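Working notes, structure below.
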Amino acid sequence: MPQIKIYKQDYISTPAGRVWKAFSHNPFALVGLWGVGFLLVLALLAPFIAPYGANEQNQQVLLLPPSWDPAGHVEYFLGTDDLGRDIFSRILHGVQMTFGMSLVIVSCALFFGFIIGAISGMMRGLKSSILGHLLDALLSIPSLLMAILVVAVIGPGLSNVFWAVGIAMVPQFIRTIHQAVHDELQKEYVTAARLDGANDLQILLYVIMPNVWEVLIIQVTMAISAAILDIAALGFLNLGAQAPSPEWGAMVAQGLDNLLLAPWTVTIPGVAILFSVLAVNLVGDGLRSAIAPIRK
Amino acid sequence: MTLFWKLTPKTLLCAAVGMLVSACGQATLPPGLVYCSEGNPESFNPQVVTSGTTIDATSHQLYSRLVNYDVEKGDITPGLATDWYISNDGLNYTFNLRHNVQFHHTDFFKPQRAFNADDVLFSFERIINKQHPYHFVSRTGYPFFQSIGFESLISSIEKVNEYQIVFKLNRKDASFLSNLATDFAIILSREYADQLLIEGEPEKIDLQPIGTGPFQLNQYVKNEFIRYTKNPQYWLGDIDIEHLVFDITPKSTSRLAKLITGDCSVSALPKAGELAIIDQHSHIKVDAKPGLNVAFWALNTQKPPLNNISVRRALAHAIDKQNILDVVYNDIAVEATGILPPTSWAYSNNLPANNYDPAKAKNLLDKAGVKDLVINLWAMPVARIYNPNALKTAELIQADLANVGVKVNIITYDWSIFTQKLVSEDYDSVLIGWNADNSDPDNFFTPLLSCSALESNNNRSKWCQKDFDHLLTLAQNTTNRADRKSYYQAAEAILSDQVPLIPIAHAEKVLLKRNNITSMQVRPYGGIAFAKIKHNAQQGNQ
Amino acid sequence: MWRYFFRRVNLFFATTLVMMAVLFYATHQFPVDESYALSGISNPSAEQLEHISDEFKLNSNSVVQFLAYVEQRFSGNMGMSINSQQPVFEELKTVLPASFELSLVAGLIALFLGVPIGVIAALSSNKFVQWSILGLTLTGYSIPVFWLGLTLSLWFGVNLGWLPISGQINLLYQIKPITGFMLIDTLLSDSSYRIPAFVDALMHLILPAITLAVLPFTLIVRITRQAMLQVMNQTYIRAAEARGLHTFTIIIKHALPNAMIPVLKSIGIMLGTFACYGIIVEVIFSWPGVGSWLVSGIYQRDYTVIQAGILSVSLLIIFLSILIEFIHTAINPMSKKELYATN
């Protein structure tokens, strides 16, 4: 339907526009958004930017401190680890693994969670309640325990992280979407649409969805930050990415051997994790406070 | 938070938590010593294992041997046997046993008699006699004894009287006494074994140990600690340490941190780089001695593609050992050309070694027509004396082999699982090593690479060659050092040519200890011993 | 109320069953022999094998097997630890209290620091205070716990040498376990060194507890702040102000109890993450609790330990979250209304 402006009137922005307006007034949230954008760019371009390969060893420069240290060298901006690998390059390569992987996991979890959650949300009665119990049980297995179970079955590796974190995350999405859809379903405007003769699918897509996406976005940002922390934690515990992978958590674990001698091998990957989780959380926080007054 | 850090000097912290104690920080610890060890023992009987972790936790703490090694002189000295004589044909060894040696008194076992010939008979019969009720109690077999062909060596063991026993051999063996002095040849209690048989729990003999050693086992909690108390009736006299605790700390960094914070007084197996940190802490001392050990990369010679000798030779030329030495060992090791370390009397430095030459390696691979080679490389997750960081070594090898177009997959498991899986699974190659149990050069050959070692699974290369075995037998049959040396040199040459394994390094044996620990000697071979240790009253550490 | 109570109990059992089913399924997927994964006895003799198959009804269909599995596990038969060949149940009994001790202390630290700071954040009109508290909590929430633990132990343990960074107590103190809580056991022990032992145990507890407390602390601060902001805008607070009550009294007596309700709820939601963090903290500080036990179980492929660890931790989380939800409903008049309205 084309918008024809007959009368001169105040432009009333769309809900999304209002959220963006509130969001962009929050400087922290904007910083977070820039951070996330930066990470996204790195995830795509890291292999081209990185000065060295992730596993390129140089025995001439073992445990070189970062460049701001008097003993450091600017060619190895963040120093090197005990095999003479450039930490800066490894961090860049790691963006794809830790941050990129979290995006992949969350998208997959969102996809399945959305389908199951929406269907179950539209359902009522016993089936819905059985599903609820099932979800409660799955939700009560923390992701780390799930990972341990997965590792016990198929052994450690980065692909298992996908399953472990993914399996632990899907129920959260199902639950959020189920709850949101369920809540909206009670409201009168849905009944109105139903009286108009809309079928379940139409109600879900055209009536309910526009009102639950905000919840979904908040859940997604929370899930991404949780996924990054989970991937890194699994890498750290040697249950996820294995050495010599440049996954950040695994890098911390590899640096552990030299914690006392070369603390930067642990500090720098840790800061990278902190930075990305913080960026995602800032965005999530900004979104939440931007959306909150609208939902009230 | 940062503000809080700055405002909290030690005194303030103590005041907060230590209202109950008058003198904060002067925590009076109970008398004893904590040793930060690197892993769980698999058993409490060294007869049934070869792992150094188990040896450390058992051999010199819980048990005694018939004869001992003198670290300084490299001589055999009396242990539970006061003296012995060898018949002229070199086949009969008669031992006179020590009187009034008591076994441990514990809650579950009250010995009625002192140590005598029955105990010796039992300890060795168990190993060699398949009909012995205790022979199959060990599920792992007796790897060390099997690998040196002990069963075929001994014709019989005869008790002459309560305090005299004769070992009759089938052939001359110059290393026999040395082997009896190893950490594996410990003496168990026959009386205890009989009691366990009656109780129907024979497997407890390896789990709830009874021996004649300086300490008796008090408590073992897997992954946490082993607690020993001193054996008040130890036959070598009073011991300085009341309690001995092995604090099981697999991570090397944690071991060092515990040493610095005072949670332990002696610590094993530091990583090479950590020695630099120790210089900053005046209360910690480093004890290092050239060790009798070798780290090597064993290639499974029974499985393609490594059954192909050119591939094995290519691999030997492809790895840069000097680089491994720099990165993994720092300066606490020497490059290995053969498996005998320079400290061994049979060592010779003019061996034809396989030098680092990637071009030659590539060439050899091309000639053999091998392309896109993928091999798996097993690496231990824990530090061992011979290799402080096998995983790092594996990563270096991975990078070296990538240069010659060989892809390496690194496989690792927790240490106890690792040793089990090595026996049961089909690996391509494994990074492992050997820490000698005595100074006899035979200890490097027969237990590792002989055909009899193949049966005991101690032959990690799964390699058995007649010529090589023959040389070892020749060397055993003579006591002439010059002859033996030439035989071992010939054996080394075969190894260098056939490449069943690629020797990497001979590491120094390093022990870290706090200043108040005195008269603790690093032994170049075998397990750690705490009986002679002295330590001054601990104070002022938390 | 009773009806609600029974519904929650019902939920507990249903969830437990689902949980057991997941575990049962996973157990059969382990890459080892079925009877080995169930019992942990390596190289069992023929009669042991028969006994295992009898216990777990291995010859029947999977439903019967599942019921037998549930029955065995809940009667305390967790099998033998593959690695130590000790009954898993006995090991579990020694590691659980240590974990409780750590989590309780961490939880208390979080609560006693978090609530006041949250209140301050809510009431302060100073932008700087607000921002710094918000920044701090957001950072605390984003920080990878393993990294935080390592950094703290590097600084306070190694560089400054103030605090021990590993284990529960210096191992030379031989403390007989009575309650399993080291702090209590040291005081209960009759040895001459009980006071130094207590101090030593306390010193060992500080760093792990602080590390573990960071996550709940930040959450509690955030939620307390939000709840306080909301409560302080309510009319009854204004009424109290109008009556001339002291601000402090209003906060303590009127606002805080109501603000605590959402805090309670968020604690329930946080339990799973808290458990994960607890496991990692235990690994870093070699705390002899269920977390490090479980993680070394997975390193050593100790399948019975893995099952028992996951089962016990998940059951605890299920139980506690249902309990918290129940308490939340019981003390919250708002949800009571909802309850009876929907029923």
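Backbone N, Cα and C define each Cβ position, glycine as well.
Small disclaimer: the values here were computed from a predicted structure and weren't measured.
Per TrEMBL, the stretch carrying the note transmembrane segment among A:192-214, A:261-283 is A:261-283. The list of residues near the transmembrane segment (A:99-122) in space but at least 6 beyond its ends in sequence, with Cβ under 8 angstroms from a Cβ of it, reads 39, 42-43, 128, 131, 158, 161-162, 165-166, 169-182, 185, 200, 203-204, 216, 220, 223-224, 227-228, 231, 247, 276. Listed as Cβ neighbours of the transmembrane segment (A:261-283) (distance under 8 Å, sequence separation of 6 or more from its ends, same chain) are residues 28-29, 31-36, 38-39, 63, 65-66, 78-79, 81-82, 87, 91, 94-95, 98-99, 221, 224-225, 228-229, 232, 248-249, 251-252, 254-255. Long-range Cβ contacts of the transmembrane segment (A:215-241) within its own chain (Cβ-Cβ under 8 Å, at least 6 residues beyond either end) map to 97-99, 101-103, 105-106, 109-110, 114, 143-144, 147-148, 151, 156-158, 160-161, 164-165, 168-169, 172-173, 176-177, 180, 247-253, 273, 276-277, 280-281, 283-284, 287-288, 291.
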